[in-house]
């Protein structure tokens with residue numbers, strides 16, 4: 001069968017054609033639900049505010065294997081820079097182009113196709129298969145996976161293993177899987193001063209001048225050494241804003257946004273304590289608020305990682321490399337429940353970019369990998 005005609009290719013194209021920019025779903029989950037319902041899944045839509053979510057499950061017993069992912073995509077950017085319209089899926093030289101091709105409608109299609117094949121071969125499989133799908137992963141992530149997990153936890157419905165379809169691969173399909181993620185902590189700091197005329201600095205109090213030594217010291221601090229699974233904790237200033245835009249006005253306040261990506265060697269509480277101790281040492285007048293974006297998690301050796309290694313080796317012929325690098329994913333909301341979480345998806349070279357694309361052959365291989373993982377865990 002030509003790669004263009006693979007069922008996974010056709011389903012990916014159907015999903016790409018739905019312009020589901022966050023928090024819109026545009027019928028993607030309905031399309032998936034129709035396919036899953038036909039093979040015995042119970043479909044439970046969960047709509048919270050502007051976000052569409054779906055919890056689908058086949059089986060009533062444990063262990064529970066869950067495919068997790070998102071139907072929403074980031075905006076297209078300048079459409080004139082695309083080779084083809086971003087929501088008109090187009091195959092050129094073996095690559096399928098379209099917004100969401102790699103992140104992550106190709107993965108969603110591969111999950112559905114793999115599950116259809118697995119159920120056809122193993123209708124009486126062990127345990128349960130589930131899908132946790134949201135339309136709010138690329139956005140504020142308030143009403144998506146975290147709300148679904150809250151609902152499941154309230155009724156004591158547990159996930160044993162979760163496979164997130166984020167584009168984990170770097171150079172070729174399956175060369176990297178993500179078996180953990182760093183924690184993410186954001187600080188929003190306001191340093192207070194007194195606004196005034198630049199010609200009369202004795203009548204004002206410049207918060208930029210006051211904050212500069214603090215920020216310099218903060219940016220040079222050593223937080224930890226990392227460990228065998230995580231790099232050292234990193235600190236980055238993301239935004240600074242102060243002043244009125246006029247050259248003759250000393251600002252009355254300085255706003256600074258910064259972010260930590262932290263390892264399991266520290267906790268959010270430790271980072272907060274160190275920052276606030278330094279603020280007090282510099283005798284700054286300040287307000288600060290914190291946003292907890294996610295705790296660090298790690299899935300070590302065990303059934304899920306073992307099954308994934310076997311699947312990638314069997315389908316591609318090479319060994320995968322588990323890593324914890326990169327940004328956060330919705331896995332951070334699933335892991336605190338006790339579930340083991342891994343991420344396996346397409347090559348991430350074009351995600352969020354103009355002309356996002358995925359290799360058509362990789363979609364079929366990804367579906368095969370997912371199918372082998374199901375066989376390893378539920379047969």
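Placement of Cβ uses the backbone N, Cα and C atoms for every residue, glycine included.
Source: prediction; values computed, not measured.
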To which of 93, 103, 175 does Swiss-Prot also attribute binding of Zn(2+) 2 at the site defined by 138, 352?
103
Of 70, 202, 209, which does Swiss-Prot put in the Zn(2+) 1 site with 103, 166?
70
With a radius of 8 angstroms around the mean position of the C-beta atoms of 103, 138, 352, what other residues of the same chain does the Zn(2+) 2 site pick up?
73, 74, 100, 104, 351
Which residues, same chain and not among 70, 103, 166, have a CB within 8 angstroms of the centroid of the CB atoms at the recorded Zn(2+) 1 site?
69, 104, 107, 137, 138, 164, 165, 167, 329, 345, 351
Neighbour-count leader, CB within 10 A, recorded positions: 137, 138, 166:
166
When you put residue 138 (Zn(2+) 2 binding site) at the centre and draw a 10 Å sphere around its Cα, which of the recorded positions 70, 72, 166 have their Cα inside it?
70, 72
Given a separation of at least six residues and a C-beta threshold under 8 Å, show me what packs close to residue 70 (Zn(2+) 1 binding site) in the same chain.
104, 133, 134, 135, 136, 137, 138, 144, 145, 330
Counting other Cβ atoms within 10 Å of each Cβ, which of the recorded positions 72, 103, 352 scores lowest?
352
